[in-house]
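Before any comments, here is the structure.
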Amino acid sequence: MKLFNTMTRQKEEFKPIKDGEVSMYVCGPTVYNYFHIGNGRTFLVFDTIRRYFEYRGYKVNFIQNFTDIDDKMIKKANEENITVKELGDRFIHEYYKDADGLNIKRATANPRATEYMDEIIQFVKDLIDKGYAYEVNGDVYFSTKQFKEYGKLSGQNLDDLQAGARISVDERKKDPMDFAIWKSEKPGEPSWNCPWGKGRPGWHIECSCMAHKLLGDTIDIHAGGADLVFPHHENEIAQSEARNGKTFANYWMHSAYLNINNKKMSKSLNNFFTTREILEKYDAEVIRLFMLSAHYRTPLNFSDDLLQSAKASNERLYNAIGNLERLLDEVKVDKVTENEKEYVKNLESYKEKYIEKMDDDFNTADAISVIFDLVKDINTNINTESSKELVEYSLELIRELGKPLGILQKSTMLDLNAEIEKLIEQRQQARKDKDWALADKIRDDLKARGIVLEDTPQGVRWKREQ
């Protein structure tokens, strides 16, 4: 299995620290609001990668943190006249609702920064003792010049970073690129006692500490969105390797942006949709199919048209599943026949192709294409003359290849059928109201989803295109 390592900028063979196990740390949300669908892409991508590792037999220790103390959280809590903890509790609860809605598996652990304050303070103290950090009037800064490899993840050296830095001048810093790992107490902010006075941690130190506490000095994979490469992950590396003297993570993985009109979706640009808003309009499997239709390192444009296309694709896949489910009641032969054995080998080749695509840096786009090729083959060659065993194997294979992607796992077609019936009722009403444009639109939309309507004297009938 090969994956692209941001650190080396190339694909590398994955070799875990411990055979059969993967330790994985993914930077989670700052819990001051609902997460937008751009963040959702990141969480969904690494959920899929975790699922695929498990499909290939690995035990995955998957850690995703909650940043529950932060400038944005303090500002929002003060605006609402509640405590930062109350705000964090609320939006952690809302995070789980939306992540569950996207069919994202629960992490092995979701540490909260505020639960690790003793460990964070010790981490800061160790950096000061080793000469990598210094205290000024209750603030503690990491000295980037002391860490000779600073910039290695983002591919920049310290001189270039300083030249291009847009950093406000702070006379207390020894160097403009030094960053705060502890911030002194300010009015209206939560604070904790420490040897250099009351205060709170900086964002970067929180992740370094939680990753170390839960996964050890060196972890297999550290991951997050592409926007975290610099400064967040760069600073994590500096802190962790300065303190522990060991490689922090063997592989760094980053997912590309979800764009709107070719611009990164972000709260700062106010060009975002919350995950909850999208879940109100689309099923989780449709969203997953859309998100995974592009490679995780490729920017993806977000649009209703693309989601509608994913919805139609999802229904075509479920049409195939529905056809196979019906065939189970119609076939007359139980066991695979001699003539079918060669065809079973043909079906098995799709699984091999799927694994080949996913083993190549988790190429979900190509893996989904393999599933569609498999379904087309099955639709063409399996019918009432096939054996029950072959139909069952075909059905199991489609679902098996869908599982690591978090799709094609629904047990029945009932929900889909009910939706189709509802649309037909709406079309009938439109015809009664002589709203021919709406009636034609519903018919055309259904046709695009593989559903053909037949107007008969007995009423409207529908069938799925083969």
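Quick reminder: no glycine exception, Cβ is built from N, Cα and C everywhere.
Per Swiss-Prot, the listed range annotated as motif ''KMSKS' region' is 264-268 (candidates: 259-263, 264-268, 334-338, 424-428). Feature motif ''HIGH' region', per Swiss-Prot, maps to range 29-39 of the set 29-39, 40-50, 95-105, 172-182.
A count of other CB atoms within 10 A of each Cβ picks out CYS207 as the most crowded of the binding-site residues CYS27, CYS207.
In the three-state DSSP reading, LYS267 (ATP binding site) counts as coil. Other than the site residues CYS27, CYS207, HIS232, GLU236, same-chain residues with C-beta atoms no more than 8 angstroms from the centre of those residues' C-beta atoms, the Zn(2+) site, are TRP203, HIS204, GLU206, SER208, HIS222, GLY224, LEU228, HIS233, ASN235.
Across the range of the motif ''HIGH' region' (29-39), the DSSP-based residue counts are 3 helix, 2 strand, 6 coil.
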